[in-house]
């Protein structure tokens with residue numbers, strides 16, 4: 001289907017390239033008649049049972065699960081036919097954000113559910129068209145890419161694929177989230193300027209919203225863009241703080257939202273005091289409990305209280321607007 005301009009894919013019998021009506025009127029009658037006879041013979045031969053066996057080129061049989069060409073919305077990605085059990089599907093639910101909010105933890109917790117199939121990494125399906133895992137009937141496919149929530153084009157692309165997609169947003173106190181974001185970058189880029197130098201212009205001047213660590217926390221602004229394409233009922237907002245303090249409770253809400261039986265419960269978690277984070281108790285067939293990697297629960301750099309307070313004051317009106325938009329107060333102020 002690559003390179004086809006319409007929903008049908010290939011050209012049918014009688015579709016010529018570059019021959020407009022004017023050219024047909026100017027053409028001599030004899031060549032036209034000959035061309036019509038040749039084209040008619042070709043179309044007749046293309047019908048099953050109308051060509052001798054020696055003149056037909058064997059063609060591979062199409063996969064039974066997918067027709068050769070499937071009508072789809074313009075711009076929507078095309079998934080290859082899967083081999084083996086199950087088949088690849090568009091994700092029915094997406095964890096769209098936010099970075100350093102707890103999205104990886106939520107994904108790992110949900111993967112305990114037998115009716116959930118998801119890739120462990122961030123596939124960026126809607127900007128790199130990577131493959132989805134195969135799922136069986138009754139399972140749902142979930143993708144997690146936190147950058148979607150702050151990507152301007154993501155809502156339109158997702159809506160063009162499926163306007164019924166369920167959207168999960170894991171949010172966290174934007175000040176704590178920004179510091180965690182900085183800590184992650186600092187671990188990869190030693191010698192980075194201080195958090196204060198990046199968060200403010202001219203010392204403790206205006207907050208620099210051009211810095212992504214600050215901009216991501218403007219949840220109300222990002223949600224405005226999503227609500228142009230999806231109704232609020234398609235969203236579930238998960239508390240990153242409660243994923244730590246009450247993982248079973250938050251994951252229970254997510255299971256309800258996805259229409260899944262509450263399989264993942266308290267019995268699956270224990271609190272790791274060293275990491276300051278909930279971990280998964282050893283699963284069936286595993287020899288030990290499983291925690292997220294070293295990058296999860298890393299210590300934050302010390303940020304002066306004056307800097308923290310300035311950011312709290314800055315985010316307060318945005319937080320209040322966000323609470324009003326979704327009808328849920330996270331108590332960050």
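Note that Cβ sites are derived from N, Cα and C of the backbone, with glycine treated the same way.
No curator has checked TrEMBL annotations; they are predicted automatically.
Look at TrEMBL and you will find 91-320 tagged as domain 'Sulfotransferase'.
As annotated by TrEMBL, 3'-phosphoadenylyl sulfate binding site applies to 100, 101, 102, 103, 104, 172, 180, 296, 297, 298, 299, 300. Just so you know, the Cβ of residue 180 (3'-phosphoadenylyl sulfate binding site) picks up 20 other Cβ atoms within 10 Å once every protein chain is counted.
What TrEMBL records for 100 is active site, for sulfotransferase activity. Counting every protein chain shown, 24 other Cβ atoms lie within 10 Å of the Cβ of residue 100 (3'-phosphoadenylyl sulfate binding site).
Within the same chain, residues at least 6 positions away in sequence whose Cβ sits under 8 Å from that of residue 291 (disulfide bond) are 272, 275, 277, 279, 280. According to TrEMBL, the feature disulfide bond maps to 279-291.
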Other C-beta atoms that fall within 10 angstroms of the C-beta of residue 279 (disulfide bond): 21
Least surrounded among the binding-site residues, given as 102, 299, when other CB atoms within 10 Å are counted: 299
Neighbour tally for residue 104 (3'-phosphoadenylyl sulfate binding site), based on other Cβ positions within 10 Å of its Cβ: 21
